[in-house]
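Here is what TrEMBL records for this protein:
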- 26-450: domain 'Ammonium transporter AmtB-like' (DOMAIN)
- 26-48: transmembrane segment (TRANSMEM)
- 60-79: transmembrane segment (TRANSMEM)
- 135-155: transmembrane segment (TRANSMEM)
- 167-188: transmembrane segment (TRANSMEM)
- 200-218: transmembrane segment (TRANSMEM)
- 230-250: transmembrane segment (TRANSMEM)
- 262-281: transmembrane segment (TRANSMEM)
- 293-311: transmembrane segment (TRANSMEM)
- 317-337: transmembrane segment (TRANSMEM)
- 358-383: transmembrane segment (TRANSMEM)
- 403-428: transmembrane segment (TRANSMEM)
Amino acid sequence: MSTSGLPSAYQVSAASPDWLNKGDNAWQMISATLVGLQSVPGLVILYGSIVKKKWAVNSAFMALYAFSAVVICWVTWAYKMSFGEKLLPFWGKAGPALGQKFLIKQAALPASAHYYHNGTLETGMITPFYPMASMVWFQCVFAAIAVILLAGSLLGRMNIRAWMAFVPLWLTFSYTVGAFSLWGGGFLFHWGVMDYSGGYVIHLSSGVAGFTAAYWVGPRLKVDRERFPPNNVLMTLAGAGLLWMGWAGFNGGDPYTANIDSSMAVLNTNICAATSLLVWTWLDVIFFGKPSVIGAVQGMITGLVCITPGAGLVQGWAAVIMGILSGSVPWFTMMVVHKKWTLLQKVDDTLGVVHTHAVAGYLGGVLTGIFAEPTLCSLFLAVTNSRGGVYGGSGGVQVLKQLVGGAFIAGWNIIATSIICIAIGVVIPLRMSDEQLLIGDDAVHGEEAYALWGDGEKYDGTKHGLYSDDTGHGLSQASGATQVL
């Protein structure tokens, strides 16, 4: 059929080859933008407002710097380590993703073809109907948000120069391993471990790595650990809102196409997040007498994290159950277990990332192994006939696969993150000096978040009235997660 009568935008040409699906490409680029907005400005705003005022600039900048650094490292060597040719069962071959010959060809994940034990092809190589440039950028924003989530464990005391060194090293030696193993065609991918959109690759890894790094960096000042109020709760909600709405791209973009599985993933994401937020809030009211806004944000996050490994693989009713559990299990580990376990007390995980991401991510992965629906699995997974435990057959084995897959990601991150921190510590102090910790942003950056007392004027309690980070306001201690850590 001749296309000569069509407008040029719809004709097959060098810019619109016959393999290009413009709808899929548009959705993939939109999804990537939504995920990028979760970090910049989403987590930049959330981190800058959920911490004590004197750390607002430093916390926001850690997120902004990490995003920029990951973009450059990703296209220079890390993308192909995550989604390129196989080097090891858990790692791809490093290489640049910068040349036009690579970026304008059809997207493909070369290690993703899956074979039966007898060598015959089970599922072909993943080849979405858009260019490699779209795939590289989509996966880049995932890598960036993983590092930024990790930073939540380190706010309020990590040496910014050490953080600048940490970002490319962790991306290279930790994130790429998880991404290739579970998504790029590594051994967990071929074994059939389910991680729809990063419950393990992003959230479990960042939660475990953040907690591990927090151990090596050391704690905040004692006064900051005892009192660390958010400097702007309303802006915290704004950042959280960007995080929630951006999750449509986070989970909706992972089928690599605008299909029915993408729609299921987006709906399930919102069901689970809403349920989890409500459950967390109810628990705060029942046990602490009042609903905590920061607690509600934590509940929202745990719901988003928990559904991520199974977003397009479970039914709506399962998303509700996952929301109930993601609003209660991490709440219990944060509000009860944390106060009783010496290790958790010793390690200063500023925003409780081990609870909101590691616990919720692992929980979601195991629940995915229980509730993954066979028909939905067939729309997405390379291993045919996959199913969750409640559907019988091989479902029981799937739960075991999920447990083992999560254990590998957690173990690798503990080891890799420890080695990275020890190596950096030989050259650069991981923790700021006590003098810097006492002053905050002005000592570290020469900048402050709010000019509350005039142009460049320092706070003076004899002139400026009551408000400061450490001044009591006659308010009772809130029950939100951040305030009690």
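Placed from the backbone N, Cα and C atoms, the Cβ positions cover glycine too.
Predicted automatically and left uncurated, TrEMBL annotations should be read as such.
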The transmembrane segment (167-188): which same-chain residues, six or more beyond its ends, come within Cβ distance under 8 Å? 65-66, 69-70, 73-74, 77-78, 81-84, 86, 89-92, 109-113, 139, 142-143, 146-147, 150, 195, 200-201, 205, 209, 405, 408-409, 412-413, 416-417, 419-420, 423-424
Can you work out which residues elsewhere in the same chain, 6+ from the ends of the transmembrane segment (26-48), have a Cβ less than 8 Å from its Cβ atoms? 56-57, 59-60, 62-64, 67, 128, 130, 134-135, 137-138, 140-142, 144-145, 148-149, 151-152, 155, 235-236, 238-240, 242-243, 245-250, 252-253, 256-258, 262, 449
State, in range form, which of 60-79, 200-218, 230-250, 262-281, 358-383 has the highest count of Cβ pairs under 8 Å to the transmembrane segment (317-337). 262-281
How about the transmembrane segment (358-383) and the transmembrane segment (60-79): at least 3 CB pairs under 8 Å, pairs 6 or more apart in sequence, or not? no
Report, as numbers and ranges, every residue of the chain located at least six residues beyond the transmembrane segment (200-218) whose Cβ falls under 8 Å of a Cβ in that stretch; write 'none' if there are none. 142, 145-147, 149-154, 157-158, 162, 166, 170, 174-175, 178-179, 182-183, 193, 305, 308-309, 346-350, 353-362, 364-365, 405-406, 409-410, 412-414, 416-418, 421-422, 425, 430-431
